[in-house]
Amino acid sequence: MSAAPQHVTVLLAEAVEALAIRPGGVYVDGTFGRGGHSRAILAKLDADGRLIAFDRDPRAIEVARALPDPRLTAVHAPFSAFAEELDRLGLEHVDGVLLDLGVSSPQLDEAARGMSFRFDAPLDMRMDTSRGQTVAQWLADASVAQITEVLRDYGEERFAYAIAKAIAAARAGGAVASTRQLAEIVEKAVRTREPGQHPATRSFQALRIFINQELEELSLVLPAAVERLKPGGRLVAISFHSLEDRIVKRFMRDESRPPQLPSRLPLRAAELPQPRLRLVGKSQRPGPGEVAANPRSRSAVMRVAERTGGAA
């Protein structure tokens, strides 16, 4: 029997330090995964501290609920349900929010999840296997134009149209139902290859992001987090590809600038609205040692912002 897939938490010490944890504070881990960040946060909290950990993956929630720590509340929901779940728990504000974005190693390494072209498995890709369409189900009905749009917008795939046509041609002879089948279709349709990268990498990324609505979830949770952060509370986001990082970077940049007002408004400087966030340091990437030990960390980017007293 093979060992269970292991998840190596990226930027573990750096992310926990960036949260500037108050021992008695309330914190949110937006993606519990296998609990690396959550355990490190709990280690910094005293008996009055509290951690709310979200995850869409039922298996991640099983791991979280098995931890014998009364300070931890595990929530089986996407992090876009942030405000709703805080209301349910009777929490108005929190002291820090950590978002470790993207897919976890166990999800990639467990063949049955259908997220990787390294295995032959049902073409699923859902983070929450208890709800929603699988990629195979979506591909069965999607038009060439729809498939092209997803591959282009979420995978930045140059050969999106050629791949979409190849998928449509292949499904005429039967459903595109397995990861290997899809990978072979893409491999034949891609005319040039990027060094060190499988031709299906961008397509698999695009379909996974789309089927899980990852970018939409991120765009929803960022403003919700700022609304609920106490002044001085930190928002820490770790992204793993340019699409995620672009959203985080733009949001933090925009929220760290004063609101745009008509220039002729009769307001004194002290009366002008203040920005809601203050950027903390520069973006941070894993060091050479971490990348050598965990090659999947190489694309990670961490950004940090602190809630000001600016009006919500």
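Keep in mind that glycine also has a Cβ here, set from the backbone N, Cα and C atoms.
F79 (S-adenosyl-L-methionine binding site) falls within a helical segment according to DSSP. If you look up Swiss-Prot, you'll see G35, G36, H37, D55, F79, D100, Q107 marked as S-adenosyl-L-methionine binding site.
Cβ atoms under 8 Å from those of the region 'Disordered' (279-312) belong to residues 8, 10-11, 14-15, 18, 105, 226-227, 229-241, 245, 248-249, 252-253, 255-256, 273 of the same chain, restricted to positions at least 6 beyond its ends. Look at Swiss-Prot and you will find 279-312 tagged as region 'Disordered'.
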Pairwise C-alpha maximum, in angstrom, for the residues (G35, G36, H37, D55, F79, D100, Q107) that bind S-adenosyl-L-methionine according to the record: 17
Proximal but sequence-remote residues of the same chain as D55 (S-adenosyl-L-methionine binding site) (Cβ under 8 Å, at least 6 apart): T31, F32, G33, I61, A64, A74, V75, H76
